[in-house]
Structures are given as structure tokens and as C-alpha cells.
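Per Swiss-Prot, the features are as follows:
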ACT_SITE  E343  active site
DOMAIN    207-400  domain 'Peptidase M12B'
CARBOHYD  N191  N-linked glycosylation site
CARBOHYD  N226  N-linked glycosylation site
CARBOHYD  N378  N-linked glycosylation site
CARBOHYD  N438  N-linked glycosylation site
CARBOHYD  N479  N-linked glycosylation site
CARBOHYD  N587  N-linked glycosylation site
SIGNAL    1-31  signal peptide
Amino acid sequence: MAVGEPLVHIRVTLLLLWFGMFLSISGHSQARPSQYFTSPEVVIPLKVISRGRGAKAPGWLSYSLRFGGQRYIVHMRVNKLLFAAHLPVFTYTEQHALLQDQPFIQDDCYYHGYVEGVPESLVALSTCSGGFLGMLQINDLVYEIKPISVSATFEHLVYKIDSDDTQFPPMRCGLTEEKIAHQMELQLSYNFTLKQSSFVGWWTHQRFVELVVVVDNIRYLFSQSNATTVQHEVFNVVNIVDSFYHPLEVDVILTGIDIWTASNPLPTSGDLDNVLEDFSIWKNYNLNNRLQHDVAHLFIKDTQGMKLGVAYVKGICQNPFNTGVDVFEDNRLVVFAITLGHELGHNLGMQHDTQWCVCELQWCIMHAYRKVTTKFSNCSYAQYWDSTISSGLCIQPPPYPGNIFRLKYCGNLVVEEGEECDCGTIRQCAKDPCCLLNCTLHPGAACAFGICCKDCKFLPSGTLCRQQVGECDLPEWCNGTSHQCPDDVYVQDGISCNVNAFCYEKTCNNHDIQCKEIFGQDARSASQSCYQEINTQGNRFGHCGIVGTTYVKCWTPDIMCGRVQCENVGVIPNLIEHSTVQQFHLNDTTCWGTDYHLGMAIPDIGEVKDGTVCGPEKICIRKKCASMVHLSQACQPKTCNMRGICNNKQHCHCNHEWAPPYCKDKGYGGSADSGPPPKNNMEGLNVMGKLRYLSLLCLLPLVAFLLFCLHVLFKKRTKSKEDEEG
């Protein structure tokens, strides 16, 4: 691949731009570390089964490990946001042709957790290979654990990573604090317009950094030219780095991997500043059009330079400066993860720590010298927060699977314009009986995917494809000519349901139902005085919404539409993290509720749901008690001749034995939107419905037999009585 001439030309242009006005480059100096710092200990993790009141919530695993002269109990649960859906992996042929695959990735074997009884401890492990691989941080000590592959007794090796100068020489960033400060002054003038960005939504702390990792050819060769090995190394490193960022409410999500399996398209040895510059140019022309990302990092196995990594400070989302280069010299995952965490911190606006910067440990991740640590300092928090607010919201929403790919082509498992299907790679298509490699249907196949497609054929008309969920929902059936299930339709807003409730957007809500969902079946909605007292306070326990950073007090007419208040609570539920239960005594009443504070990225279980009754002929709509008059009256029971119910598209969904559109003529039910229901009502029943139906059929003979026995017994008693009288 010829890259020399265009790189030189573009490099000169970019140097003039970068030197005067853009982002500073930071670097970590490098030494020649030994393979591991201490002799390992052999440990055998033992699973701990928790019982009784001390049992962990579902989804947690607990193991006991003994090392360093002590026994530790590790609690961990699956890290669910590590990968983007359908993670693409790019490789190259010997002729430098691009190949793309979406390999099966076991996404339920990467864990985050903590050590029992050790505040601020941190655990990041994977169990994908059958044993534990990853990091344990206990107080000021950091350990790396690896399984012994040939062990028949689940043995592992635990290495303590020391910070002694004799084993971990002091390594200095290649950029001085003075130079960073000077370049930041230049950057402030360049980024002036960014300071005017909208602050809407800034209080939601949760951020999602979409990371693409590129692995150079030398590192690939070091991994025995095994792309799968490279992938697993990347997964484990990113899982560890993600654990560093969780206290900042940041999820680092891997959205793609690019492995230079043929050769390096640019020099990766020598001065890392040049490597970073060249990589930024390469990314701009080769990666941006393929993968969505906030930042891209190049992993290299450099053994000549004197730096561990470089990155553009505040480069996040600022193409082409949203890049970093990290030296992955050996197999020490934890040590390299600290380097990646540091360089990614620079991308997010963090500078090197000064003497006034502190964290829970002796050293912090953004220290100018490389230190064994897992915590960010107070300075890093402040710099990240300032940088995130001022640079917009590019890292706020999680990646949507459909947006990961930017290059439309046959073979990416996404059915695009002009394609009948897309079975993916050659290997995947070989196993697909319905779709061909050229994204057309196999001869004789009617479909290749969809709820209403089975064995390459459309499911028969009247096959249930979407079951009714609750009394405010409606079922849908396949039409026999399409692979898709009809759009989801539900009962029209404003139709009564349950007791003193109305359907609204597919659900039946009232205050009592919500209290039972939170506090159990005995709970019920509190008196109106609780709503009046609490929801007019304008705090996290009682409010009618959030504007900017301020909780809005409820006006008296809207108090029933703020936060739900309950009574008759006997049990405090296990709520999601960051949730708080409030008990408030008001005269002879105890009011119970939950909080919702700024920065929470989980659903608010305590806000009164839209559609909840708040007065006669009134329901809550967006924290306001609104009249139901505004709800559509285009369809009413009379429209359906009292033989059906109106759906959200203002069409009649007819009862069985009546036909749409107005339930006037004989038919089989359904609506113009639901697809045709089965002619035999039994065909439309779900599995549970069929079981209940069959159970009833089985009971009928038994009931008949019992009635017969009672009849015989009655006749005998009557005859016996007549004999006695005679």
C-alpha cells in the first residue's frame, strides 16, 4: 500500500494547523519491564453460595480466594455494556483487501465487582476461557489473575504488581506541565464556540464512550498471528478500563476492532508523536466511513521508543484528533489497561495530576509517571466534567446498533436497499438455507427472516405473531404474504380498564397499581394529604418534573401527577442502585415514596405514570392533571356497533364472530391493522390458552361423572326414604 507521499503532504499541512491552534499531545515514557513483577501465588477459587438474609441480589456471583496470607470474598456480576451489538471485526488479506466479520462473542462472561469488606476495592474479570482472567484491586495493591490452562483442579496464578522503583522504574510523560498549560491556552481560543454549546441534559451523568481499537501488524504477529487471540486481549483490556471509568459514570463501549493482519499501512516504530499523527490521518480516510466512534486507539508493540502512549488532550469527538496510540509490549493486561485508561483520560480532557490532586489510593491514573492504580483524582473528575459539558453531548447516548455500520454493503448482516436478505460472511451464509451470499433469496425461498417467516416460508395466515400483553393491548397475526408481523396496535387511549383506571399508551395505570409494583401487594395509594405535603416541596422525593437543574414544585391541581405516595407498606423492597425510599409521617398517616435525583440513568419507578387518573374525567399527562376531552373521539363503542373495541389508530378491533371495519357483518374478529385472525378461535389461542382449553376439556368428563354419581346417590336416598314411609 502506497502511503508515503500523501502522508508527507498532509502531515505538513496538519502540523501548521496543530502547532498553532489545536490539541496538545501527551505521552508516557517507557521502560523495559520484566514479564511479571513478583513470583505468583497459586490459588483455587471456591464458589460461595449465599443463603438467608445476607444473600446477594440475583445476577451476582461470589468466590473465595486465598492469597497474600488472607482469604478474600469476591462479589461480581456481568458487565452488560461492554460491546456494541453485532460487533464488527475487520482484517485484511495478503493483497490488503478488507475483510469484515461479525464473530460470535460470548458477552455474558465479563464481570465487574468488588471485594467484600474492602471499601473502594475493584474487580474486573472474565471467565470466557473457563477460569478467571483479569484484575483485583485491594486497598493499595493491584493483582493480576490468570488461569493455569493444564490444571485439573481450577488452579490460578495471582501476580502482585508492585510500584517499587527497582521493578517499576519512574517513567515520565514526554510533555511537561508547562507545555500542556501553554497549549491549553491556545486551545481555549480555538474552542471558544464550543463553550456556547447547549447545556440541555448535562445533569444526566451517564456517558457512553464508543471506542474503536486498531491493532498493528507487529502486535498481531506477537499474538501468533491469531485474530481470535487478539480479540480476546482487546476484550479483556477494555473490560478492565471500563471498570476504571465507572465511578465517573462513564461506560466504555467497544464498537469495532480493526486488525492489520497483512502489514502496517503506516510506520509504527520510532517517535510516537509521528505515529499518532499518521494514525489520525489514516483513521480519517479509512475508518470514519466504516465505523461510528467517539475515539479510536491504535495498539502497537513498539520496542524502540521511550514512551508508553500518546493522545490528543480534549480530542474526544473532534475528528481527526479523537485518537490515541498505546504501546502493548507484552502480555500484562492490567499494566497495559492502566496505560490505555490514562491516554483515554487525555482524550476526555484530563491533564496530569499535580501535588494537590488526590484519590482514594496513593497514586492516581493521571499521574505524570506511570503508577499502578485504578482511581482517578479529584482534578481528573473536574477536568473531565468541564470538558464534557463544554464540548457538547457526543458521548451521551449509547450506540444504536443500526448506526454502528456506516459502510453499506452486502455481507454486513443488515438488510439494506436493494437486498432481499443478508446472511453475512461466507461461513455464515453456508449455514443459511434461505439466503445466498449475494444477498438474494435461495431459489424456492419466500423469505429469510422475520417473525412471520419459518423454514424459508411465510407462516400461514392467522398465525399469532404478537401476543396480547395486558388488557390495554391487542394481538396481531401473520397475513400469510409477508415475513413481518403487523405493527403493534393497542387499545385506544381513554378506554376504561381495571378499577378506576384508563388505558393510556398500551398500559393500565393508577396509583394503587404503581404502589403495589414498588412496595408489594398490600400497599396502596396514600391519602391526598400526602401528595399535597410532599409533591409541593420541589425536591427529589416530591416534584412535578425537572427543568434544568431545578426540581419543579407541583401546583395544587397537579399534586396527584408528581411522585406516587403510598401507605400500608409492610416490606422495604430491594430497589435498583442509587434508589432511596422515604418514610414521611404526616399526622396519623405514614407516607412512603422513592426518590429521583439529578444524574440517575435508570428508569424512575416513582414518577406517576401518564394516563393515571387524577380527578373526575382527568388523567396525568406529562406531570399535569389534564382533561380527557383532548383524547381522540374518532372511534367510539357505537362506531364498532358495541361488538368490539377501538384501537390506537381509531379503527375497530372486533370480537370473534364479527368482521372489521365496523363489526357489523359476520367474521372472525380483529381489525384492519391486526392481520387476519384464525377462522377457528382455537388457532388464535396462545400456548397457555390452549392448555387451559385442553384442561377444561379434560375436566368435563370428570364433572359429568360426579354429576352422575350425585344423581344416582339422590335416587337411592329418595327410594330408601319411600321404602321407610311405606
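Along the chain as shown, residues are numbered 1 onward.
Cβ coordinates come from backbone N, Cα and C, glycine included.
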Among N226, N378, N438, N479, N587, which are glycosylation sites, the residue with the most C-beta atoms within 10 angstroms of its C-beta: N479
Secondary-structure category, per DSSP, in which E343 (active site) falls: helix
Proximal residue to N378 (N-linked glycosylation site) among recorded positions E343, N438, N479 (C-alpha distance): E343
Minimum Cα separation from N226 (N-linked glycosylation site), reported as the residue among recorded positions E343, N438, N479, N587 that achieves it: E343
For E343 (active site), the number of other Cβ atoms found within 10 Å of its own Cβ: 27
Conformational class of N587 (N-linked glycosylation site) under the three-state DSSP mapping: coil
Cα-nearest neighbour of E343 (active site) within the listed glycosylation sites, N438, N479, N587: N438
DSSP-derived structure type at N378 (N-linked glycosylation site), helix or strand or else coil: helix
Pairwise Cα distance for N587 (N-linked glycosylation site)/N438 (N-linked glycosylation site) [Å, integer]: 74
Mean per-residue pLDDT computed across the domain 'Peptidase M12B' (207-400): 88
Three-state secondary structure, which DSSP defines for N479 (N-linked glycosylation site): coil
N438 (N-linked glycosylation site) to N479 (N-linked glycosylation site) - Cα separation in whole Å: 28
